[in-house]
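Straight from Swiss-Prot, the features:
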- His83, His182: heme b b562 binding site (BINDING)
- His97, His196: heme b b566 binding site (BINDING)
- His201: ubiquinone binding site (BINDING)
- 33-53: transmembrane segment (TRANSMEM)
- 77-98: transmembrane segment (TRANSMEM)
- 113-133: transmembrane segment (TRANSMEM)
- 178-198: transmembrane segment (TRANSMEM)
- 226-246: transmembrane segment (TRANSMEM)
- 288-308: transmembrane segment (TRANSMEM)
- 320-340: transmembrane segment (TRANSMEM)
- 347-367: transmembrane segment (TRANSMEM)
Amino acid sequence: MTNIRKTHPLLKIVNHSLIDLPAPSNISAWWNFGSLLGLCLMIQILTGLFLAMHYTSDTATAFSSVTHICRDVNYGWLIRYLHANGASMFFICLYMHVGRGIYYGSYTYLETWNIGIILLFAVMATAFMGYVLPWGQMSFWGATVITNLLSAIPYIGTTLVEWIWGGFSVDKATLTRFFAFHFILPFIIAALVMIHLLFLHETGSNNPSGIPWDSDKIPFHPYYTIKDLLGFLVLILLLMLLVLFSPDLLGDPDNYTPANPLNTPPHIKPEWYFLFAYAILRSIPNKLGGVLALVMSILILAIIPFLHMSKQRSMMFRPISQVLFWILIADLLTLTWIGGQPVEHPFITIGQVASILYFSIILILMPLASLIENKILKW
């Protein structure tokens, strides 16, 4: 008798995706982040569902409802902080996952890569709208500033912003629709994840060497299921350390003040995971130019596969590209720091230099390094 997992229509899909899946024998811990992102998404959907049971999306009661969750609901504080810090863990895993893709040349799987970029945009949109929901000072002013950026679009900009707001300012209509979108988007993300995996399983996983490893594949279970479980434990440990010891470490104190349209906070800034893009936005004195740079800072990922000039897929054996890659990481950390600083000297100049360096490394220096490395191969 054949095993049920190989014959049952539903279990067969699970079997081919998680049990009998042939996987390269040499994939490192950098390949753990895909499953960790799946775990993060599940944590966010579950905690979000329980928060939605007690939250009210009305400007008059939104802030109070969050306070009520933290004070009166059984373990409400835990659910709320798991959700808030879970988002931070989500983005840490996301950025590491993307970084892994760039380093090891996984972007050559075009369909998987492009769905990944769409996923990144969807997660960023979800996180932004979620930040607005507690209706604190930074929620309100963050929503005002970021949605206002769309007014830079020629001709239709102002109309578009008012259409998104549902009025002439960020108000009740905005909060209600943001809650609706924030609730539905994670399920759309989950569907996109399925497509992401579908495309990945068409080609199979990449590996650190970047060389096809078909001659030496091992079953996903038990080898990588155990490895993923270890990753889960580490992620949950780090998340619980954050939630139970310093839940407000990554948040903004201004968000503990109820939203007040008449009082602007001295420094309006988004959550830490958007600061690098925010720094790029601020480094350009022109509004439309800034918005274009902001969008391009993420959309540039879609251009990376077409800038791959190297004869090797992975950066594992490409020292010049490796140095540039780590300079890029340092540059992103610098941008993250600058995004949280006030707009004054010397931060303006540092931000502009870091922004130019960011685009230069990806668009010019990395392709050049690849060509030089190709030449070195012939020596």
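Note: Cβ is positioned from N, Cα and C throughout, glycine not excepted.
Model, not experiment: these values are computed from the prediction.
The number of other Cβ atoms within 10 Å of the Cβ belonging to His182 (heme b b562 binding site), over all protein chains shown, comes to 21.
Outside the transmembrane segment (178-198), and at least 6 residues removed from its termini, the chain residues within Cβ reach (under 8 Å) are 17, 37-38, 41, 44-45, 48, 52, 55, 57, 112, 115-116, 118-119, 122-123, 125-126, 129-130, 132-133, 143. If one looks beyond the transmembrane segment (77-98) by at least 6 residues along the same chain, the residues whose Cβ comes under 8 Å of a Cβ in the stretch are 30, 33-34, 36-37, 40-41, 43-44, 47-48, 50-51, 66, 69-71, 116, 120, 123, 127, 130, 235, 238-239, 242-243, 247, 250-251, 271-273, 301.
Ranked by Cα separation from His182 (heme b b562 binding site), the binding-site residues His97, His196, His201 are led by His196. Among residues of the same chain six or more beyond the transmembrane segment (320-340), those with a C-beta under 8 A of the stretch's C-beta atoms are 99, 102-103, 269-270, 272, 274-280, 282, 310, 347, 350-351, 354-355, 357-358, 361-362, 365-366, 369-370, 372-373. Remote same-chain partners of the transmembrane segment (347-367), defined as residues 6 or more beyond its termini with a Cβ less than 8 Å from a stretch Cβ, comprise 279-280, 282-284, 293, 296-297, 300, 303-304, 307-309, 321, 324-325, 327-328, 331-332, 334-335, 338-339, 341. Beyond the ends of the transmembrane segment (33-53), by six or more residues, the same chain brings 69, 79-80, 82-83, 86-87, 89-90, 93-94, 96-97, 100, 182-183, 186-187, 189-190, 193, 228, 231-232, 235, 239 to within a C-beta distance below 8 angstroms of the stretch. Spacing of His196 (heme b b566 binding site) relative to His83 (heme b b562 binding site) is 24 Å (Cα to Cα, whole number).
The separation of His201 (ubiquinone binding site) from His97 (heme b b566 binding site), Cα to Cα, is 17 Å. Residues within less than 8 Å, Cβ to Cβ, of His83 (heme b b562 binding site) and separated from it by at least 6 positions along the same chain comprise Gln44, Thr47, Gly48, Leu51.
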